[in-house]
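First the structure, in the form of structure tokens, and then the observations on it.
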Amino acid sequence: MEGDAVEAIVEESETFIKGKERKTYQRRREGGQEEDACHLPQNQTDGGEVVQDVNSSVQMVMMEQLDPTLLQMKTEVMEGTVAPEAEAAVDDTQIITLQVVNMEEQPINIGELQLVQVPVPVTVPVATTSVEELQGAYENEVSKEGLAESEPMICHTLPLPEGFQVVKVGANGEVETLEQGELPPQEDPSWQKDPDYQPPAKKTKKTKKSKLRYTEEGKDVDVSVYDFEEEQQEGLLSEVNAEKVVGNMKPPKPTKIKKKGVKKTFQCELCSYTCPRRSNLDRHMKSHTDERPHKCHLCGRAFRTVTLLRNHLNTHTGTRPHKCPDCDMAFVTSGELVRHRRYKHTHEKPFKCSMCDYASVEVSKLKRHIRSHTGERPFQCSLCSYASRDTYKLKRHMRTHSGEKPYECYICHARFTQSGTMKMHILQKHTENVAKFHCPHCDTVIARKSDLGVHLRKQHSYIEQGKKCRYCDAVFHERYALIQHQKSHKNEKRFKCDQCDYACRQERHMIMHKRTHTGEKPYACSHCDKTFRQKQLLDMHFKRYHDPNFVPAAFVCSKCGKTFTRRNTMARHADNCAGPDGVEGENGGETKKSKRGRKRKMRSKKEDSSDSENAEPDLDDNEDEEEPAVEIEPEPEPQPVTPAPPPAKKRRGRPPGRTNQPKQNQPTAIIQVEDQNTGAIENIIVEVKKEPDAEPAEGEEEEAQPAATDAPNGDLTPEMILSMMDR
């Protein structure tokens, strides 16, 4: 116990010496020599009683050894007596200067408390008491004698920096904030005369009290800390201590506190780029300019940044500093290494779409995918109306204008505009020279082994969540099985019209079909009053009739020389074309269209005469029977009723002058045939041939024609076939 008390007194003496050394601040400032103004009491330990005068009036708690985030208090207690005006105003209170503490910045590590002592006449025998008894004796002595005669005067040797507040702590623990006018008068510090000194700016503060309780050397100490929350500022807390300030002889500068959780971001004014650092923004701004100050001394190529230049120089020297830890490959840049590991080893896809389940290895591919949701096509061709979602497809499209073919077959040296076309050429034309890798799960044959690995990973890897078919509710855990299942829906006409029997495979076709029922034509021409059901019809109409620069493509039929604006129309015409001299088909037969129409007419006539056919006997079996009487009644003015022809549909490529005109009426005759068994009379219409030059003589009967005249091409007409069937 005695040893602990002695150690406590020795520590208090050492801290008192440190406080006295700061007293020489003003003298060194004025150039004077340092002189000690007080003598430390000597500790005498003679083995018996050890008596020491302890000046243990604690006036201030200095937090010198606290965490660097706390500002330190800098005060100095000087010996002397209080002025008569101040003696009357001092009561049982203590004036303490406290600092601003931001408790939310980071955890606080409470260090040692340094005690600055002022001599008070209290004598305690150290050998027979403890620290607790020492504190009790001090309180009793203070209550008896008071502090009127020996009250120390607190003199701030430094101006209160920003974040400090002076409070008055009463005997019972009351805390009162002192305003500037209530403080004792102080002389102007000498350092304010320094031309380099700048007083700190004052800012509004909010007071918040919090208590810290900690244990130091077995003693519980309750410290009240006042947290003055300032407005949001930038910067970090500077580590300031009393020794550094005294040595530099300059007051501390106000610190800027950055609150936790608030991140400062910088945004580009020309695009939506954001970054957390100013240096990143400056580097990004160079991408909006054509400035390339860093030039390669080997090839003359220039770059925006030094990093890009270094990576380029590695391509000249062959240096690949970034090596893959999973394989033997090395890369020029760290970005290439990261991309390689994600594609080949980790298969990580950190960039995910917020609208669907798509995920990508590269952020550029994610941006391109998002444009498929928004429909944005920012990359426009300068020579035509083509627009693309990414620059790669635009470059590939520009080759159609320039005629460039950068991809060459290594076998036959044929050149292509796209790499995919070249690969397909090699697989189709040079299969004997290409190594084939068969997929063990399906019939796919792949030329390269790396492509086989990609195929296995994408098509046959197990999917935990499973993917649902877009056409039905089936769920599959393998992409290949899902694709094969969806192919079964390919020819299925899932969309059916509710007003007719029309069905189709795609929804857009059903939408266009329903417009035939509603009569809706939403696409109107801006140059005339015509409207259309489809946009492509509107575009075609505009090009043909309103575009002065439009030159229609001419597709010429090789048989008759007709021209068409569409290839499929010309191909359909060529199948039925017989050449410029006739209307027969390619082999001299009838055209497909005429055959189809003739079959339809024959079918309708068969249905009309089905009843009479069932009632007629087989005339071929009754060879011995006599033929029925035949009467010919020529019609003076035959006017057969012919159905009105349907409106001619205007087709592209057909000359406007040619329309479907009905054939001229030929003289006909009606033959009445009476059946002897049933008595039924049937009328048969036959054509009568008349010679234009020779007229029949009087009294001479015209010979009935039991069958119609032959067709111009030598084939039987429907009337001839019906008459033969009746006989």
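Just so it is clear, glycine is given a Cβ too, placed from its N, Cα and C backbone atoms.
Between Lys18, Lys193, Lys202, Lys286, Swiss-Prot assigns SUMO2 cross-link to Lys18; no such entry appears for the others, which is not proof they lack it. Noted from Swiss-Prot: of Thr346, Thr374, Thr563, the annotation phosphothreonine belongs to Thr374. For the residues Ser210, Ser279, Ser287, Ser402, the entry in Swiss-Prot flags phosphoserine at a single position: Ser402. Candidates Ser372, Ser594, Ser612 were compared with Swiss-Prot; the annotation phosphoserine appears at Ser612. As stated in Swiss-Prot, the feature zinc finger covers range 294-316 out of the listed 64-86, 133-155, 294-316. Among Ser190, Ser610, the residue that Swiss-Prot annotates as phosphoserine is Ser610. When other Cβ atoms within 10 Å of the Cβ of Ser402 (phosphoserine) are tallied across all protein chains shown, the result is 9.
Distant neighbours of the zinc finger (407-430): 396, 399-400, 447; these residues of the same chain sit at least 6 beyond its ends, with a Cβ under 8 Å from one of its Cβ atoms. Using a Cβ-Cβ cut-off under 8 Å and counting only residues 6 or more beyond its ends in the same chain, the zinc finger (266-288) has close neighbours at 304-305. Residues in the zinc finger (294-316) partition by DSSP class (helix H, G, I; strand E, B; coil) as 11 helix, 4 strand, 8 coil. Long-range contacts of the zinc finger (495-517) within its own chain (CB-CB distance under 8 A, at least 6 residues past either end) are made by residues 533-534.
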